[in-house]
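Trainee: If you scroll down you'll find the structure; I have some questions about it.
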Amino acid sequence: MVIILLLVFFVGSSVSQPCHPNDLSALRELAGALKNKSVTESWLNGSRCCEWDGVFCEGSDVSGRVTKLVLPEKGLEGVISKSLGELTELRVLDLSRNQLKGEVPAEISKLEQLQVLDLSHNLLSGSVLGVVSGLKLIQSLNISSNSLSGKLSDVGVFPGLVMLNVSNNLFEGEIHPELCSSSGGIQVLDLSMNRLVGNLDGLYNCSKSIQQLHIDSNRLTGQLPDYLYSIRELEQLSLSGNYLSGELSKNLSNLSGLKSLLISENRFSDVIPDVFGNLTQLEHLDVSSNKFSGRFPPSLSQCSKLRVLDLRNNSLSGSINLNFTGFTDLCVLDLASNHFSGPLPDSLGHCPKMKILSLAKNEFRGKIPDTFKNLQSLLFLSLSNNSFVDFSETMNVLQHCRNLSTLILSKNFIGEEIPNNVTGFDNLAILALGNCGLRGQIPSWLLNCKKLEVLDLSWNHFYGTIPHWIGKMESLFYIDFSNNTLTGAIPVAITELKNLIRLNGTASQMTDSSGIPLYVKRNKSSNGLPYNQVSRFPPSIYLNNNRLNGTILPEIGRLKELHMLDLSRNNFTGTIPDSISGLDNLEVLDLSYNHLYGSIPLSFQSLTFLSRFSVAYNRLTGAIPSGGQFYSFPHSSFEGNLGLCRAIDSPCDVLMSNMLNPKGSSRRNNNGGKFGRSSIVVLTISLAIGITLLLSVILLRISRKDVDDRINDVDEETISGVSKALGPSKIVLFHSCGCKDLSVEELLKSTNNFSQANIIGCGGFGLVYKANFPDGSKAAVKRLSGDCGQMEREFQAEVEALSRAEHKNLVSLQGYCKHGNDRLLIYSFMENGSLDYWLHERVDGNMTLIWDVRLKIAQGAARGLAYLHKVCEPNVIHRDVKSSNILLDEKFEAHLADFGLARLLRPYDTHVTTDLVGTLGYIPPEYSQSLIATCRGDVYSFGVVLLELVTGRRPVEVCKGKSCRDLVSRVFQMKAEKREAELIDTTIRENVNERTVLEMLEIACKCIDHEPRRRPLIEEVVTWLEDLPMESVQQQ
């Protein structure tokens, strides 16, 4: 009702009359500051402004005054002009849902007649202190969904205020009592999605009039105050996403007008009071993700107007003794992740509007009620992780739910036979039958599910071959047949799946507004990765842990959309098809534990998004590819292949050195290499041959030593000859370089002519070599791997611009070198390598990375990034913030590396691809929709680094046993379950104040917000990190 009353101000039409000269001038100045000419072009011609789009006037026929300016959703860009303050008769100002930026001009406070102000959903920033304080007649103030900051008290107090919405901003501080005491009639108050702290006591004066109270997604603590239960006019109460605790009082029954109660994601405990008999107007109840226990409140049956009932993720137990027949409007019922038991009530099938029903992870048993046939509106059904029986009858019942698009039945019907006579399911997009132990062959009735996109049959006892008709399932793009007993070859038809060749982008009808995640599990014990809609599933084929044989089809290269391919633990033979290198989106490739032979295609170096790769335990030979991501894969990815050699180890470097030293005993070296690869067969050979092999080993070692000596003896004359052959060379040293007279030949010699032994790092832009100069100083030389794509003058200008970025927390660029076709960048040397090395590779790293050191690293890296974003001229977006680009000096001070390199290289030659910028695990979600890197994207990536410091985990873990998932998803799930403390790295947990670490975790979560506009600026992150205490708790 209050919203309707306020909208009365907007009713009216433009008056055909000239407007006041002051108003005309102010509007023209406003138009000059805006960029959407389609709206403001007409404003610049003529003087009859009362006829202009969005302008409303009142007054005399001679000169009307502008009283309403209404321009919502007009695509306006630019800033709000100070001239608005000259429209002194303005009563309504609505510029909402545009793209206005900058600060709100203080001149708005001159609009003493203003009653409605709506600047919501823009890009406004800065403080509002003193900006709107002069609006004495204001009744409706909406500045939500911007980036406004400061204390909540900065907004001011207004005696006639009816509605105040400051949600989705950056306001801080406590809720001050004056907010309501100055206005006795405030009815709508929305403070949600800010950074407010303290308790709810400051709202005591609102209790007389408030109808809608929203304070969700802040940092509030304490219990619900008693006055809250006495607001009899209250219709909507939303407190979700805070740290509120205690129990709900039985006085909740006093709120008889309540329509919506949302208190999810807090720390409430004890039982849910059974007082709903007096809350008959209730339409939406969400108490999910708390610590409630006890029984299902029976009095809920009297809330006949309920549309949404969400009790998930608590510790509720017992059977559901509730008659659902009266819930004629119930659309969403979520009881997942509790301890409910017993059979499902038949009455549950008498909810005609039910669209979403989630009963997963409980202890329900028995059969699915036959009444479920009546759920004709049902879209989403999850019954996983229970003890339901009679799969055949279940499908017979559910086939009548003709709108069903998502069906998750995992971990039920243990050991039953798969039926062959199923019909219906015409709209099914997701079918999950994993971990059921079902027996039989893959049923042909699946072909009737024309819209099926995701099919999970993993961890069952399916046998026989993969059917050829699977290629006819045009919508299918996610297949998991892993952990069965399937046999035969992979059918060519699987490479004809249209949605894996080219994703059509038509996601199913699955509702993502419910907030109910689907969890994709890759093994029996993992919690899985959440995907809230079908389009978020990664296109995948999992056929691992079966008995499949034959060769890997070269036609698999057709599946350009494929992200995950796991064929491990089968009986495949033959070679690895080179066509796989054409799968540009591939993130996971696992071919381990098969019988493959031949070599790893060198073209695999082009798979720049590959984060997990394994060919372990096959019969492969030859060199392991040495470019791209391959330096980052662990030894375990290649073990069990005695014929493989790695380019940075022997014998591959020996083969290379023989090319440089043709006079060396290459024949002995090659023979030795063959011996090393075939030595396993000596187990049954005679003693005489064994002695011969032993002598060969001795010769091999002598040969390798001889070659190594030759490499170390490469002289200046040889390097000079190579330089001349490559063409003209040039070296430019900046003032920061300590070696002023360095020549190109000396630079090459300092790296042993880019010897493998001098490699100290590998990134998306190329290898990094350690340079040892004659005077004892060191440098890091980056050999850019991409085509620079620029004229020499442009390249030099870009590099010199980067050299001017000088800050103590940046790796300083000391010079560059052009040598033939190579571009070399000379950086200061960091003694302690990268943060990634200390966190994830060095065995004793955690002994050094105590909490104080981690915090110092986070602070330093944040300061370096803030310099790039705000101080450096021109401003620099890093595009690839990650732990391996944070280098550490001898004092473990952080230095940000690789900034600005994306501008030096052609995008198709580096990690900065035409599809995404950055490195897997650090890439912001919005980059999948846009090719434009932003400062907010850098903040997301930095937030992932903070998660690494808190948890000690990689952003995308190499699978270990049965726990494989990405870090961001894990953090959000643990946070939702209020288990944040379990995320803290166990190596620091005992020696640090837990609250301090959790504060850093909270900062990280702000940085990785899915919505870019809600992420903080990096300078805000710097401030928050510097406020964290350094002292670690000493061990007792």
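Each Cβ is built from the backbone N, Cα and C atoms, and glycine gets one as well.
Annotation comment: Swiss-Prot describes Asn36, Asn45, Asn142, Asn205, Asn254, Asn278, Asn385, Asn421, Asn483, Asn523, Asn549, Asn571 (among others) as N-linked glycosylation site. According to Swiss-Prot, the feature repeat 'LRR 1' maps to 89-111. Swiss-Prot lists 113-136 with the feature repeat 'LRR 2'. The repeat 'LRR 3' annotation in Swiss-Prot covers 137-159. Here Swiss-Prot flags 185-207 as repeat 'LRR 5'. Per Swiss-Prot, the feature repeat 'LRR 6' maps to 209-231. The repeat 'LRR 7' feature in Swiss-Prot is assigned to 233-256. Per Swiss-Prot, repeat 'LRR 9' is recorded for 281-303. The repeat 'LRR 11' annotation in Swiss-Prot covers 329-351. Swiss-Prot lists 353-375 with the feature repeat 'LRR 12'. According to Swiss-Prot, the repeat 'LRR 15' annotation covers 427-450. The repeat 'LRR 17' annotation in Swiss-Prot covers 475-498. Swiss-Prot lists 561-583 with the feature repeat 'LRR 18'. Marked as phosphothreonine by Swiss-Prot on the basis of similarity to another entry: Thr751. Residues or ranges marked as domain 'Protein kinase' by Swiss-Prot on the basis of sequence analysis: 754-1025.
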Trainee: For the glycosylation sites listed here, Asn421, Asn571, which shows the highest count of neighbouring CB atoms within 10 A?
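Mentor: Checking each of Asn421, Asn571, the winner is Asn571.
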Trainee: Quick one: of Asn142, Asn205, Asn254, Asn278, Asn483, Asn571, which glycosylation sites lie within 10 angstroms of Asn549 (N-linked glycosylation site), measuring between C-alpha atoms? Sequence order, please.
Mentor: Asn571
Trainee: What mean pLDDT does the predicted model reach across the repeat 'LRR 9' (281-303)?
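Mentor: Within the repeat 'LRR 9' (281-303), the model's average pLDDT equals 95.
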Trainee: Whole-number Å only: compute the distance from the Cα of Asn254 (N-linked glycosylation site) to the Cα of Thr751 (phosphothreonine).
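Mentor: Given the Cα positions, Asn254 (N-linked glycosylation site) is 78 Å from Thr751 (phosphothreonine).
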Trainee: Compared by Cα position, which of the glycosylation sites Asn142, Asn205, Asn278, Asn483 is the closest one to Thr751 (phosphothreonine)?
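Mentor: Ranked by Cα distance from Thr751 (phosphothreonine), first place goes to Asn483.
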Trainee: Using a 10 Å radius around each Cβ and all protein chains in view, which of these glycosylation sites has the most neighbours: Asn205, Asn278, Asn385, Asn483, Asn549?
Mentor: Asn483
Trainee: Return the count of C-beta atoms lying within 10 angstroms of the C-beta of Asn142 (N-linked glycosylation site), excluding that atom itself.
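Mentor: Total other Cβ atoms inside 10 Å, all chains included: 21.
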Trainee: With a cut-off of 8 Å between Cβ atoms, can you find at least three pairs linking the repeat 'LRR 15' (427-450) to the repeat 'LRR 12' (353-375)? Only pairs 6 or more residues apart in sequence count.
Mentor: no
Trainee: On the three-state reduction of DSSP, what should I expect for Asn571 (N-linked glycosylation site)?
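Mentor: The three-state answer is strand.
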Trainee: Can you check what DSSP calls Asn142 (N-linked glycosylation site), collapsed to helix, strand or coil?
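Mentor: In three-state terms, Asn142 (N-linked glycosylation site) counts as strand.
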Trainee: Using a Cβ cut-off under 8 Å, which residues of the same chain at least 6 positions beyond either end of the repeat 'LRR 5' (185-207) come close to it?
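Mentor: Distant contacts of the repeat 'LRR 5' (185-207): 2-3, 144, 152, 160-177, 179, 213-225, 227-228, 230-231, 233, 238, 1014.
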Trainee: Which one is it: of the glycosylation sites Asn142, Asn278, Asn421, whose Cα lies the shortest distance from the Cα of Asn571 (N-linked glycosylation site)?
Mentor: Asn421
Trainee: Between Asn142 (N-linked glycosylation site) and Asn421 (N-linked glycosylation site), find the distance joining the two CA atoms and give it rounded to the nearest Å.
Mentor: 58
Trainee: Of the glycosylation sites listed here (Asn205, Asn278, Asn385, Asn421), which is spatially closest to Asn483 (N-linked glycosylation site) when Cα positions are compared?
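Mentor: Nearest candidate: Asn385.
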Trainee: Over all shown protein chains, what is the count of other CB atoms within 10 A of the CB belonging to Thr751 (phosphothreonine)?
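Mentor: A count of 20.
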